[in-house]
Structures are given as C-alpha cells and as structure tokens.
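Enquirer: The feature active site, 4-aspartylphosphate intermediate is assigned by TrEMBL to Asp390. Feature annotation from TrEMBL assigns ATP binding site to Asp390, Lys391, Thr392, Glu473, Phe515, Lys538, Arg571, Thr651, Gly652, Asp653, Arg738, Lys744, Asn768, Asp769. For Asp390, Thr392, Asp765, Asp769, the entry in TrEMBL reads Mg(2+) binding site. The domain 'P-type ATPase N-terminal' annotation in TrEMBL covers 23-73. Annotated domain 'P-type ATPase C-terminal' per TrEMBL: 791-1041, in sequence order. Per TrEMBL, the feature transmembrane segment maps to 53-72, 275-298, 318-344, 831-852, 858-875, 903-927, 947-969, 976-995, 1015-1035.
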Amino acid sequence: MERGSVQNTTPERLIYVPKLEPSHFIPNSITTCKYNFLTFLPKNLWFQFQKLANIYFLIIAVLQVIPQITVSDGVPNILLPLGFVLTVSAVKDLLEDLNRRKSDNEENNRQILKWQNSNWESLKWMDICVGDVVKVRKNEYFPADLILLSSSEPNGLCYIETKNLDGETNLKHKLCCRVLHDMLHDEGALDRFFAEIICEIPNPMIYEFKGKITAMDTEVMLGTEQFLLRGSSLRNTEWIIGIVVYSGHETKIMLNSSKSQNKFSFLEARMNDEIINIFILQVTICLFCALFYVIWFSHTSSDTEQYLELDEHTESRLVVFILIFFTWMLIFTNFVPISLIVTLEMVKFVQGIFISWDIKMYYEENDTPARVQSSNLNEELGQIHYIFSDKTGTLTCNIMEFRKFCINGTSYGTNKRQGPESKKPAVDFVDPSFDAFAEDYQEFLLHLALCHTIVTEKAENGEIEYKASSPDELALVSAAKFFGVELLGRNGNQEVIISVHGEEKAYQVLNILEFSSNRKRMSIVCRFPNGKLYLLCKGADTMLLPRLQRDQRNIEKSWEYLEAYASEGLRTLVLATRELSDDEYEAWNTEYLRAMGDIVNREKLVSQVNELLEKNLLLTGITAIEDKLQDGVPAAISFIREAGIKVWVLTGDKIETAINIGFSSALLTNEMSRAIIDGTSEYTVKFQLQEALSGNRFNASKFALIISGDSLLKILKSDLIFMFIKLIDKADVVLACRVSPQQKADLVRLIRDVKPNVRTLSIGDGANDVNMILAAHVGVGIAGLEGNQAVRAADYSIAQFAYLKRLLFTHGRECYRRNANLIGYNFYKNLLLTLPLFFYGIFSAFSGQILYSMWTYQLFNVWFASFPIMIYAIFDKDKEFHKLEQMPELYKIGLKDKLFHGIAFWSWIVEGVLESVVLTIVSVYSICYSSTESNGRIMGMWEVSDLIYSLVVIVCNLRVFGFSLTFYWFSVLISFLSVVMYFLTSAILTQWLPIETYLDNYDGRGSTAKILQVANTYFVIIIVCAGIFIIAPIIKYIKKIKKLLTPPPKYKEIPENDNEEQVEPDEDLPLSTYTPLLARKHTGFAFSGELGHTPQITDPSFRRQS
C-alpha cells in the first residue's frame, strides 16, 4: 500500500513480508507494444488519422459518395491510394510492434526462484509481486527492483553488472546489511522471517534509493548499496536473496524508458507549411470555378436547363455554388500529393539503412557501426549551423594515462613516452629520478591504491583485472601498481588488500563518501594496519583548496605545478589526507548513520555531515592524467569550420584545459582574436563583456569566446544576456568551461530561441550529455567508454568524432539535396496532373466535368509516377562521396537552404503550371482539330483526355532525369516500366474489362487504342518532351540573373541597450583576454555538475523583475 496523500509531500511505500493480503501493487509483467489483436486496427487508424493529410483524403472519400457532387459515380476510389498509404504505414507499425511483443514475451517468461511453501519454486517473472522473496543465481538478471537480504559470500558482498542499464561493463559491488545477512544465511530462517519495509514510492531516480526495514524487532537503514535494479545481472557471486520492492512498470528502468519528444526536420516543417499553402491555393481555385459557373449559369439557366433537362429545383444560386465548389474539390483531389508523406518515409528509412551500412563509419576496433535511430532527420544533417560538443570521450579518447604528479612541491614525470616493450595499461610515466621505494612517497602511493571504488576480478589466466567506474580511477590505481603498490582485492571484513612492494597488508575501509558531480570529490575513512584512522580525499582543485590547511610547506609551489599541468592539457586531481582520532570518528559516524536513516532528507543531511570531516586536510599530492585526442579530430573540426558551421565545446574542464584542447584540436588558432569571460561578480562580468564588444576586437578574421560556468550564471540571470547574445553572434568558436549538464542543454536552447532558423547538433558520449543531445535539433551519441546513455538518447550514433564529417558532408548533404528535390517534384507532378482539369473547365464552363478516368487518376501517385523519384532519392549522387569530404563549400546548399526556400519551391509550382498549359493546348489542337479515326470521325474529349494523361505520365517519369546527376540501368528501367504500366492499365480498363459503372469505363471506351493508332500522338510526345526540357534550364537561367541583380542582405545588428551603464575598468579587475595565445598542449580534470548543482537558465528567477 502507498502511504501519504496529496498534502503529504513525502509519500512512502509500506511492504509486509510475507504478504498479509493479496497484493495491491501492479504485477511484474511489462508491455512495450502499442497494440493487441483487438486494438490494432482501430488504434492504428486513430494514430494515422492524426496526420492532416490523411484526414483530408478521408473527407474526400466521404464527399465522393454524395450523389449531388460526386465525379466518380458515387465510388470512393480515393480509398485505393489512401488505403495503400495506410496499409504501408500499418504494416511498418505492425512489424515494429511484433518485435516489441516478442521481446516482452521473452522478458515476462523468464524463470526465477521464489520462496513459497518452505521451498524455492520456479516461477515466471510475470508471476512475482511486490513483497515476494526471490533467489537470483550467478549470471542471472534481476527480475524486479530488489532489496538485497543475503548473499553467498560470507561478507555479504555481491557483484553486479549494469551493462544493460548504462552500458558500463565494470562490476559494481553491493553489500548486505550485516544483521539481515546473518539472519537469513540459513534458508530455513525464511519461514520465520517477518519484516516491514518503508521506502520511497516509485520514481525514476536510478542511482538513488532510501528506505528502512524492520525485521525481528531490528531496524536497519537501506540505501543504494542494498538496492538491485531490474535489468542488471549478478556476477562473480553464486546467489543472492532479495525482496521485491518495485515491480513491472514501476521499476526504475521502466520509469526511465519514456521516449524523447518527436523531432521533425526543418525541411519537413517547411513541407507542411507548403502543403497548407497549396491547399489554400486549391480552395481558391475551387471558389473561382464555383463562382464562374454560378455567374455563367445565372445568365444561361433557361437555355441550359432546357438543353440538359436539368431539375427545376436548382434555382438557388447558393446551393449551386456549394455543390460546384465541392465538385471541384473532388476533381482537384490530387492537388495535394497523397503519396508524398509515405514516399518520404520510405526513402528516409532506406537512406538510414545505407548510413548504417557505411563502412567508412565502421570502427573495427570495438566493432561499432554507425546507427540510425531517427531516420526522419536525415536531411537535417545537411543543414547544421551550430555544433555543440562535449570534450572528454567525444573529442578525446577517454582512455586515461597517468603521466605526471607532484609531491611536496616537486614534480615528477617528463614529456618522454614509454617504449612499446615497457608500456603498461593506463600508465605512460617516464622519470628515472623518481624512487618508488622512498619512504616519503609511500603515503601518496597508498592514497592512489586505496581511495577508489574499483572492484577486482580474476581473469582466466589468473591475473587480476580492475573493474573501474571511470577511466580516471583506473589510471590512478594502475599507476600505484606500476610503482609497486598493487591493489589485490577486498576480503570479507571490509578490508582492502594491498601489496606494498611485495608485502601484503590489509586496510579496513569503514566509510565511503561517494563522488558526485555536485561534490566533485570522494573520500574514504580507512584504518591502517598500525591502527590509525585516516580520511583520504581526492577531488577537483576548486573543491579541495578551500579545505586544505593554509600553513603547509610547498603548497604554493604545488599549485604552480598544477597550473602547469593544466596548461599542458592534462587532467588534474588533488589528493589530501587527514588523521582522525577514534573519538572524533565515532562521534562523526553516529551523525553519519543518523543522516543515513532519514529517508526524506538523507542526501542533504549526509552532505552536511561529510563537510564536518572533509576539512583541515593536508596536501598529499597532485596527479596529472592525459586524455588523448581521437584520431582525425583536428582535421574534422577544421573542415567543419571551413564549411561555415560554428563549433561550441561545452565541458566541465577548467579554462586552461579547454583552451589547450582548443589549440590541439584546431578549434583555436593563433590568428584568432579571443576573449575570456571569467568574472566572479556581475560587475566584473559586465566590464569584461563591454571590453570584448568594444574597440577593434572583431577586426580579426575569426573570433573565439571562452567563458566560465560561473560567469555564465551571472550573465543569464540579468540583463547582461543581451550583451552575451550579441557577443556569441560574432563568435566563430565558443568554449564554455565548468558547465553542468543542464547548463549545456540550456545553452543549446538559448541558441534555438534567439536564432529560430538555425539548425543545431549536439554530440557527446556520456550520461551528462543526454540533456544537451535531447535539446538540439539533431543529437549524435559517441559509442564510447562512458556507457550507452548518450547513444540511447541520440538520433544517430557513431564511434568516433571524426566520423561526424562524413555523416554531415556526405550523408547529410546528399539526403537534403535528394529529399528537397523529392518534395518539390511531388508538388510539381501533381500540379501537372490536376491543372489540365482546370483548363478543360474553360471549355465546359467550369461545370465540374471530369476529364480523366477516375481510376487512372487515383492510381497516378501509386503506380505511374512514384517509383522513379524514390530510386533517385535513394541512389543519386552529386559527386563521389570522397570528393564531398574534400570540398566544404558544397555543404552550403543545405546551410543556406538553396533547394527548398520559397523561391525554389514556387519555381517547381511555376514550372508545373507552364508545362500543364503546354500539355493541354498541344493535346487539344493535335487531336480535336487535326486527327480523325479510320471512319473519318473527329476525335473528341476522351481521346484528348488519354493523350494529356499519357503526356503527364511520360513527362513526369522523364523529368526525374532532368535533375538526376547519376544514371543507373535500373532507374531507366523503372521509369520505362512506369510508363508501360500506365498504358497497360488504361488498355485493360478501357478495352479489355467489361463496361461497368464502378469502373468508369464507358465514355472512354477504346480511347487508348485510338490515340496509339494516330501518328500525331507520337509526334506530340516527342515535341512536348523536347520543349518541356527547355523550360527548366530557362527558369534556372532567370534565377541566376535575378541573383546577380539582387544586392546582398545587410547584416542585422542586435540593438544596443540604450540605458546600459558603461563600467570603467578597475585596477583590480581581471581583463578579458583577446590577444593571441601561444598554442599549448591540452589539460585539466573534467568535472561537470548535475541537475540542481547550480541555478539554471530555465529557472524563472533568472529573469530580473521589473
């Protein structure tokens, strides 16, 4: 049962073991599929009719059965192409849903052991409930979220792998509460086990859990160390026993499986706008036709009614107007291209497959191909204006190597590299002057070997492997091993076993004060073999400096080395120590346990208690770790910037690190003018912004802005944001340092808000990049070493940053070019088909006489003119792909939206109008006035109809070759077969099938055969095709002339703040740096805050109250 109400801000879940009554909690079965056998048809149709285009054609189908306005004898033949579109989408949805259902069944039918009837009985996962006691064996997955009660290990430890949750392959340890472990190690005690559990209600916070269990009159606090997540698996432990606390869709993994918001490409949004415009044009034409007919009819009604024997009750002009209007709406059904949406979806799907198959984006080292998770954004890749990139693991390899360190004001480590024969994993240290056996260095080396959360595992060859939660920790522990202080493992008494130059020693770890992006440090309380207690702490320099004792020797010299390491691009970390008395520790531990026991405010109280211990620290040393750039990063960034794309790097590193990574990655150059905004007060930041904006700062060809996270907060909570927007608008490169994950996302949203017409792309590899990836128009995940969260949240994933170049400049550009032409062509061909109906209205007083056979009319978009453009959109190439990666200027066709802006789109429309005029006039005068049948009879309307339709089909299929740049034998064959398909279908309808009303084949009986027997038909086809292919080049030539005559647009300045107070420089103020910096190697320890670490841009408090 759930305790609490709306008024209670801290609702809790109360669980009894064993269950006293039937469970009130949800079952453990899960379902991710959308449909079942009964709901598929109605639910899928409901989803599909959320699209306006489908609703439009459904309304047309209803209008077709109304006798007064039908042009198809009451037959709703629009349902044929509409049904095809719906069927294709439904089949795709069904296949996807069947795969989901298969996965659901596999998951729900897995077996688990449950304690009931004094025995372990095997049940399906779907049959267990909250409060059940279950047993999970080695290598099995946890069936629900569990509380760990007991383990096969004597010390109550167990090891889990969370690869399915976060992609991390390192093992994590969990620890039973000693009381519960001892109580239940004998399975017979389970029959006598009674407990009451109070814990949080289900929530998606995957790394948080608070609760308590009362068993046998003993109350025990529960935390993340006793919490086992569904989807993770048991490793290196024979079995564990646990209690189910969250089941089914209330488990944390399911609460985190919500889908991100659907994204639509800019091209698709423009297409939807143009569909609306075309529909408005269609309504306008229909209104004109109805009005013309009413006026004409009012002047000729008596003669017309007598000649046509019309009903006398049609005297109401309003009724006539409405009937004729809807009649023309039916005639112009294909004015809006019905096949466009489904054609575009199918093309994008195949384009996505080709992106995944691209061998040039396959990373053989870890068997990682490119992956497409949102193919509807393919063309968006060809229109990117801003790229927001993480640094660690995205630009760099995220493979850390221990390079240098400082002890007692002395630096060790050189710029030399280890030879291949002596190279050790995660270490590249060379300095003959360092003596690892010297007594002065043992405290530092022990600190490296003890202060961590690494789990050891024996490999098949007997060697000890380290399973680290981060590459940094692996590098530090590997360095200790390199220097002779080796981590061997942990025993059952919370002891860490260390080999100190061959001598094994046990160090008892009493508490772990865990690392978080908020704390930016971790600590352990450890009892050394001599009985003394020490606090060992490591973290960012900004967090540990205020906590160090000020009177230490060599602290200033050590800090100089730290800055030097940072200026080389190395990731720095500060190690500190403090000796504790037993009394001080006991008093602190009492407070710590009390804080841990508070379910509601545990995190806040634990943080406050930790502060009591992490103070008055003695500096032990400083480490410097290298994170190398990935291969091809400098070349890729240079190429991207040459194309006109602005690159921002958003990182948790220090400014010095970011600058040097900027130089080594070719993001920054010595020719750039640069400004550093790093003020700690609003006054200082304002001066730095003004100084950066004033004078001749932008006379240089390029400008880079480097800004700290603290300065960013000052800017975005005040009116300084307007100055900042003006500054970033001028910047070619922006480096934002010490920013939190939420700040990364907010910067992306800021650009989207102030520049709604630009397209943004975010690329990252870690969980702290997910917000940024979701905030951008396109998200790209790097499949790296920091788990799969970024990859799962992304629209596309690649293995290396360098592959982004090919993704954008080859696939993105080509998808934009092809898809833009596909959309324009679809509007063009439908105009070419429907406008002759309007022109024929001139001869029929716009009375609503249909010119085509309704069946061939509706099959046009399905069979006769859809396949050639699909072949084009999948296979056409502007240039060989390797040339596209050598010519950055070619990307500008998408960057400037050259192929689907207003003029480009309406050029297609104008071309369709002109060509339809030509087709109509030539067909009428070549058939009606100059061709006769064998019996001398002049050919009439239906022969003209067939010739016009034939010309439309032929021209549309040939027109694809007019803008194709690559020709394949199969594309020619498809076009030829499309034309043949039309003549075959027409012959079947008009000559071979019996005359039936629903086939609409009486009036045009034999018309296809008649026109094929006339020489004029072939002459007209040749002349029209030749003439029409001259129109397109003429339009292009006119556009080029207009472009030459049009002056370039003036740059629109962001208005100054008239009331802005100029700040005079103060002697003590740090000035923004804009002079060229010398290129240096990259550095700094990467820490990034998590949500809630600092006030965010989206916080309403950021908006100054007027």
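Note that Cβ sites are derived from N, Cα and C of the backbone, with glycine treated the same way.
Note that TrEMBL annotation is computational and uncurated.
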Enquirer: Roughly how many angstrom lie between the C-alpha atoms of Asn768 (ATP binding site) and Asp390 (active site, 4-aspartylphosphate intermediate)?
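Expert: Between the alpha carbons of Asn768 (ATP binding site) and Asp390 (active site, 4-aspartylphosphate intermediate) there are 9 Å.
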Enquirer: Does the transmembrane segment (976-995) come near the transmembrane segment (1015-1035), with 3+ Cβ pairs under 8 Å (pairs 6 or more apart)?
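Expert: No, the transmembrane segment (976-995) and the transmembrane segment (1015-1035) are not in contact.
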Enquirer: List the recorded positions among Asp390, Thr392, Arg571 whose C-alpha is within 10 Å of the C-alpha of Asp765 (Mg(2+) binding site), in sequence order, or say none.
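Expert: So the list is Asp390, Thr392.
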Enquirer: Within the same chain, where does the transmembrane segment (858-875) have neighbours whose Cβ lies under 8 angstroms from its own Cβ atoms, ignoring anything closer than 6 residues to its ends? I mean 6 or more beyond.
Expert: 77-78, 80-81, 84, 333-334, 337-339, 343, 346-347, 350-351, 354, 818-819, 821-822, 825-826, 829-830, 833, 952-953, 956-957, 960, 963-964, 966, 968, 970-971, 974-975, 977-979, 981-982, 985
Enquirer: Could you tell me the C-alpha distance between Asp769 (Mg(2+) binding site) and Thr392 (ATP binding site) in angstrom, no decimals?
Expert: 11
Enquirer: Could you state the whole-number distance in Å separating the C-alpha atoms of Phe515 (ATP binding site) and Asp390 (active site, 4-aspartylphosphate intermediate)?
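Expert: About 21 Å separates the two Cα atoms.
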Enquirer: DSSP secondary structure for Arg571 (ATP binding site), reduced to helix/strand/coil, please.
Expert: strand
Enquirer: When only pairs 6 or more apart in sequence are counted, do the transmembrane segment (53-72) and the transmembrane segment (318-344) reach 3 or more Cβ pairs under 8 Å?
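Expert: Yes; at least 3 Cβ pairs under 8 Å.
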Enquirer: Six or more residues beyond either end and a Cβ under 8 Å away: which residues meet both conditions relative to the transmembrane segment (275-298)?
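Expert: Cβ under 8 Å, 6 or more out: 52-53, 56, 304, 317, 320-322, 324-325, 328-329, 332, 335-336, 340, 827, 838, 841, 845-848.
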Enquirer: Could you pull out which residues elsewhere in the chain have a CB under 8 Å from any CB of the transmembrane segment (947-969), counting only those six or more residues past its ends?
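Expert: Tertiary neighbours of the transmembrane segment (947-969) are 821, 825, 828-829, 832-833, 836, 851-852, 856-857, 860, 864-865, 868-869, 871-872, 875-878, 915, 919-920, 922-923, 926-927, 975-976, 978-979, 982-983, 986, 1011, 1017, 1020-1021, 1024-1025, 1028-1029, 1032.
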Enquirer: What whole-number Å value do you get for the CA-CA distance of Gly652 (ATP binding site) and Asp390 (active site, 4-aspartylphosphate intermediate)?
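Expert: A Cα-Cα distance of 9 Å.
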Enquirer: So how many other Cβ atoms are close to Asp765 (Mg(2+) binding site), meaning within 10 Å of its Cβ?
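Expert: Excluding its own Cβ, Asp765 (Mg(2+) binding site) sees 32 Cβ atoms within 10 Å.
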Enquirer: Per 10 Å Cβ neighbour count, which of the binding-site residues Thr392, Asn768 ranks highest?
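Expert: Of the binding-site residues Thr392, Asn768, the most buried by Cβ count within 10 Å is Thr392.
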Enquirer: Quick test of the contact rule: Cβ under 8 Å, at least six residues beyond the ends. What residues does that give for the transmembrane segment (831-852)?
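Expert: Tertiary neighbours of the transmembrane segment (831-852) are 69, 71-72, 285, 289-290, 292-293, 296-297, 324, 327-328, 331-332, 334-335, 860, 909, 912-913, 915-917, 919-920, 923, 941, 944-945, 948-949, 952, 955-956.
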Enquirer: List the helix, strand and coil residue totals of the domain 'P-type ATPase N-terminal' (23-73) as derived from DSSP.
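Expert: Helix, strand and coil residues of the domain 'P-type ATPase N-terminal' (23-73) number 22 helix, 0 strand, 29 coil.
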Enquirer: Fewest neighbouring Cβ atoms within 10 Å: which of the recorded positions Asp390, Asp769?
Expert: Asp390
Enquirer: Rounded to the nearest Å, what's the C-alpha distance separating Arg738 (ATP binding site) and the residue listed as 'active site, 4-aspartylphosphate intermediate'? Just drop the number here, would you?
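Expert: Counting only the Cα atoms, the answer is 12 Å.
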Enquirer: Compute the C-alpha separation of Asp390 (active site, 4-aspartylphosphate intermediate) from Arg571 (ATP binding site), stating it in Å without decimals.
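Expert: On Cα coordinates alone, these residues lie 15 Å apart.
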Enquirer: At a 10 Å cut-off from the C-beta of Arg738 (ATP binding site), count the other C-beta atoms across all protein chains.
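Expert: The answer is 28.
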Enquirer: With H, G and I counted as helix, E and B as strand and the rest as coil, say where DSSP puts Gly652 (ATP binding site).
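Expert: Assignment for Gly652 (ATP binding site) reads coil.
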